[in-house]
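Undergrad: The following block contains the structure, expressed as structure tokens.
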Amino acid sequence: MASRRRVLLKVIILGDSGVGKTSLMNQFVNRKFSNQYKATIGADFLTKEVQIDDRIFTLQIWDTAGQERFQSLGVAFYRGADCCVLVNDVNVMKSFENLNNWREEFLIQASPSDPENFPFVVLGNKTDVDGGKSRVVTEKKAKSWCASKGNIPYFETSAKDGVNVDAAFECIAKNALKNEPEEEVYLPDTIDVAGARQQRSTGCEC
């Protein structure tokens, strides 16, 4: 049986503990949201096939722990990333102020070949909380920071309601694709079949 080629796009999600990284990933991949908070231990990832310009790509999304004691694991998980997503909670100023620390840590540990042009996307999450009355990070402030870092794309999201989640990940996928080398990952059919079974088990709706 003939084999086919597929491009794997690796995306890393970073941000303080509790900003909604896991919820954003689950909302995008599985269309699910849980009010029960459970801290990520180390790192985890989900995959989803996305279509860009009539081509199918596999998006591998890594959800990393926000706790400091796990940050030393960064090198192993960050290497080979095609895009980095920085997430903050619009209701917690400290999570916004820490975005620069997360960005710098990623660039140091991932060591991308062209750090000046490496693609980042920023998500201001939890816009649904208290009807928006609790927010302390304004859209203007967030966009100003993004502009100062090379015009990083910015989206305001609600993992709970699904607001802007698809649009954000479409942008993430396109930016990851721009950074992906021309060479494609070669996957034999035997591995592809196993991957398809794994995908069905996650409940992914592509």
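Including glycine, each Cβ sits where the backbone N, Cα and C put it.
Features from Swiss-Prot:
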- 15-22, 63-67, 125-128, 158-159: GTP binding site (BINDING)
- Cys204: S-geranylgeranyl cysteine (LIPID)
- Cys206: S-geranylgeranyl cysteine (LIPID)
- Cys206: cysteine methyl ester (MOD_RES)
- 37-45: motif 'Effector region' (MOTIF)
Undergrad: Can you check how the pLDDT averages out over the motif 'Effector region' (37-45)?
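TA: Mean per-residue confidence for the motif 'Effector region' (37-45): 59 out of 100.
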Undergrad: Does DSSP put Lys21 (GTP binding site) in a helix, in a strand, or in coil?
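TA: The three-state answer is helix.
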Undergrad: Using DSSP, would you call Thr127 (GTP binding site) helix, strand or coil?
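TA: Its secondary structure by DSSP: coil.
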Undergrad: Starting from the Cβ of Gly15 (GTP binding site), draw a 10 Å sphere and report how many other Cβ atoms land inside it.
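TA: A 10 Å sphere around the Cβ of Gly15 (GTP binding site) contains 24 other Cβ atoms.
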Undergrad: Taking 10 A as the limit, how many CB atoms besides its own sit near the CB of Lys21 (GTP binding site)?
TA: 26
Undergrad: For Ala159 (GTP binding site), which of the three DSSP-derived states applies: helix, strand, or coil?
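TA: DSSP call for Ala159 (GTP binding site): coil, neither helix nor strand.
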